[in-house]
Amino acid sequence: QCLYQFLAFVPPSNESLRKPGTASVMVDTQHPLTLLLNSSVGDRDLCKIQYHFGEFGNYSLVVKTLSTSNQTVSCDLIINEGPINSYLPILFAFLVYMGILALLIAGRLLMKIDPVRNWVYKKLNPRATDRMINSELGSPNTTDSINCDPTPQSWSSRSRQRLRSLDTFRGLSLVIMVFVNYGGGKYWFFKHESWNGLTVADLVFPWFVFIMGTSIALALGSMLRWGSSKWKVLRKIIWRSFVLILLGIIVVNPNYCLGPLSWDNLRIPGVLQRLGFTYLVVAALELLFTRADSGTWEGRFPALQDILPYWPQWIFILALETIWLCLTFLLPVPDCPRGYLGPGGIGDFGKYPNCTGGAAGYIDRLLLGEKHMYQHPSSGVTYQSTMPYDPEGILGTINSIVMAFLGLQAGKITLFYKDQPKQIMSRFIIWGIVMGVISAILTKCSKEEGFIPINKNLWSISYVTTMSCFAFILLLLIYYLVDVKKWWSGAPFLYPGMNSILVYIGHQVFANYFPFKWKMQDSQSHAEHLTQNLTATTLWVIISYILYRRRIFWKI
C-alpha cells in the first residue's frame, strides 16, 4: 500500500536519428516492485509491470508504441545481465566456521587418547595443560585429569552449579546482536524490518530481555537465601538500573554523530535505558512476592505452583497491558486516525505521512521532544517517513516489561522444578505453544492483515508473544543440550554471555576502530562486509573467552 514514487522521465525517441529515448535508474532488490508507466500527455497509465529484481542485475524495460491513435504500447522486461548469487559469501563463511569447529572437536577427541594426552603433558607446562584439559573446550572431567592447582578446580566446580544454558542463551543473543549492529554483511535479513514483520535482527533484543527476566528470578532467590534483606536487595536493584540507564545515555548514544554530547540533541531512550527501566520494574515486582524458600507450594493446584502464588504480579502485568492497548487504540492523535499502527510516509497510499507509529510516536514527541528521539528509524528506508521515531520509546517499554516478566516465569519454572528436567522442559513446551497460539490469533497468521501485526518498532503485544514463543523453545533446546544431557558445554556463546554488559558496551564504543573496522576496497561487496563484520564479532567472542579464563567479569 505504498504511494507511487517518481522514478525517471523517459524522453521521446528521436525519429530522424531513429534513436530511442532512454533513462537509467537503480531500483530496490529487497522487495518485489511495481513499475507504472504513465503518458506525459494526459497522465494516462500505459502499462504496469510487477517484478522482483536481483542484486547487481542489469535489466531493460523496452516500451514500443503499437498504435498512435489509441496510445497502445507494449512493455517487455529484458534481462541483459543476470543477478549475482549474493548468498555465496554466507555459504563460504559457514564452511569456514564448520571447519574450525571440526578441528576443535577433533582436538577434543584426540585428548581422550592416553598417548596423545601424555605427549601433551610432556610438551606443555603441567598447570597450563591442566587448565586446557579442564576448559569448556577440553574433554576429560576434573576427576579424570591431573590437577596441580586446586584453585581452578574449585572455581570450575562452582561455575558448573549455575545453569550454563542461561549464559549460553544470553551469549547467543548477544553475539547475533553484535553481528547485526556491525552491519550483518549488508544483507537485508540482518537489518531491522522496515515496519511489520521479522528479520534475524529483530529477534535478539527481546531474547536478551527475556533471559534478563529469567536471571532475575534466580538471582533474587539466591540473594535472599544467603540472608540478604529485601531492603538491601532493593537498593542494589535501584543502583543497577541507574547505572544501566546512565551508561545508555552517556556512553552508548547514537546521536553523537550530530556533534558533541549536549542536551540539544541528546537521545533519551535507548537499548540500555530500556533494559535498565525494565529490570527495575520486573525485579522490584518479583522482590515484593519472592520467597527465600522455593519449596513445593501446598495449595489446591500444585501443578500451578509457579503461577498461583504470584497472582498479584499477573494482575499488575495485565493492568500494564491494558494501559498499552488503551493508549495504542484509543488515544486521539492529531491529524491521524485513532488506533493507527502504520509507518506513515508513503505507506497507506500516503494518507498519513506524519503519523509514524501512531500513539507511540505521538507520546514520545510530546513528552521527550523530537530532538531527543532516534532520528533515523528503519521506516524511513522503505516508507520514506520523515518524522523521528524511537523504537525504544516510552509506550513500547510496557511490552518489554511483559517480555521480561515472561522470562521471569521461565526462571520460576527452573526454581520450582529444580532437579526435575522433564517437568521444566514440558512447561517450556506448554508456554511456547500458548504464546504461539496467542500470536496466531492476534496476527491471523499474516504479516499485514492481523488485528495487531508483529512489529519490532512498536514492540506490539503480538511481537512479544511471538518472541516469547521462540525464546521458550530455544531455551528448551539449549537447556536440554547443555544442562540435561551435557552434550554441549555452551562454548563459545557461554563466554560473552557471562560478560554481556562489557561486550555490548565495548562493541559500541570501539565499533569504528581497527581491528573491528577498516577501509574496504569495494563498499558494495557483501563478501568484504561479511568478512569485516564476522571478524569483529569473532574478536569479541575471543576477548570474552580470555576474560573468562582470567576470571574477569564486569558486573553492575
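Note: Cβ is positioned from N, Cα and C throughout, glycine not excepted.
Annotated transmembrane segment per TrEMBL: 90-111, 168-184, 204-225, 237-256, 271-289, 310-331, 394-417, 424-442, 462-481, 493-510, 530-548, in sequence order. According to TrEMBL, the region 'Disordered' annotation covers 136-156. Residues or ranges marked as compositional bias 'Polar residues' in TrEMBL: 136-152. According to TrEMBL, the feature domain 'Heparan-alpha-glucosaminide N-acetyltransferase catalytic' maps to 162-282.
For the domain 'Heparan-alpha-glucosaminide N-acetyltransferase catalytic' (162-282), the model gives a mean pLDDT of 88.
Contact between the transmembrane segment (530-548) and the transmembrane segment (168-184) is supported: at least 3 Cβ pairs lie under 8 Å, counting only residues 6 or more apart in sequence. Taking residue pairs at least 6 apart in sequence, the transmembrane segment (90-111) and the transmembrane segment (168-184) share fewer than three C-beta contacts under 8 angstroms.
Most Cβ pairs under 8 A with the transmembrane segment (424-442) among the ranges 204-225, 237-256, 394-417, 493-510 are made by 394-417. Contact between the transmembrane segment (237-256) and the transmembrane segment (493-510) is present: at least three CB pairs lie under 8 Å, with pairs separated by 6 or more positions in sequence. Same-chain neighbours of the transmembrane segment (462-481): 163, 165-166, 168-169, 172, 198, 202-203, 206-207, 210-211, 214, 399-400, 402-403, 406-407, 410, 421, 424-425, 428-429, 431-433, 435-436, 438-439, 442-443, 450-456, 487-488, 490, counting only residues six or more beyond its ends whose CB sits under 8 Å from a CB of the stretch. Residues 162-163, 166, 169-170, 172-174, 176-177, 180, 233, 236, 271, 274-275, 278-279, 282-283, 286-287, 290-294, 400, 403-412, 414-415, 456, 463-464, 467-468, 470-471, 474-475, 500 of the same chain sit 6 or more residues outside the transmembrane segment (204-225) yet have a Cβ under 8 Å from a Cβ within it. For the domain 'Heparan-alpha-glucosaminide N-acetyltransferase catalytic' (162-282), DSSP puts the residue distribution at 87 helix, 1 strand, 33 coil.
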